[in-house]
Amino acid sequence: MSITVSIVEDNSQFLDHFAAIIKQAPGMSLAGTAGTASAAIAMANACKADVYLVDLGLPDASGIEVIRHIRASQPGSEVLVITVFGDEQNVVACIEAGATGYLLKDSAPSEIEHAIREIRDGGSSITPVIARKLLQRLQVRPRPADPANALTDRENMILSGLAKGMTYKEIADKYYIAVGTVSHHVKNIYSKLAVHSRSEAVFEAARRGIISI
């Protein structure tokens, strides 16, 4: 089944560039485009996409508002931020809003295509240099784990798989369990960590000192 992708980007050159990547990628189709936050929200309400490519520097509002709307109204869709902003503040804000991927605009077309497929398949994609910098900062002051919300051994194993970017199927195959069982454990992990996405879970676990990356 084709992966439908919508683009939220106000720069026409970047918009054409991203649209060309999607149109040329096997098994992908362009669902729609928008150049403002308000147009993006209207587009998302009118036509659901599997993955949304969202720029942060929109003329009428931050792309973070678009991310929040998509995550609230379409929990089954994924958001890949693609922007020129590589600072920690923006990255963390996007992850907290529900983004499952974060790339810089100078990423190669093959990287963008791979990231779209990866997050649609249950993975997470963050530009490596940003991910390393963030994790190093987050691990400086780990939060103590709450005994009442301690993860089980199985949940810790699955969380480790999530942190490595494994898909639900890869985790299921590794531990000889059903994909549905993995999904159930992931929901429990999200609940215990008070998060809503894979990226949030990994960063929150790093903050608490549960995992080391």
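A Cβ is built for glycine as well, from the same backbone N, Cα and C atoms used for every other residue.
Marked as domain 'Response regulatory' by TrEMBL: 4-120.
Residues annotated as 4-aspartylphosphate in TrEMBL: D55. According to DSSP, D55 (4-aspartylphosphate) is assigned to coil rather than to any helix or strand. Listed in sequence order, V8, E9, D10, N11, F14, G63, V81, I82, T83 are the same-chain residues at least 6 apart in sequence whose CB falls under 8 Å from the CB of D55 (4-aspartylphosphate).
Among the features that TrEMBL reports, domain 'HTH luxR-type' is placed at 144-209. Look at the domain 'HTH luxR-type' (144-209): DSSP puts its residues at 48 helix, 0 strand, 18 coil.
DSSP labels the residues of the domain 'Response regulatory' (4-120) in these numbers: 56 helix, 28 strand, 33 coil. Per-residue pLDDT, averaged along the domain 'HTH luxR-type' (144-209), amounts to 84 for this model.
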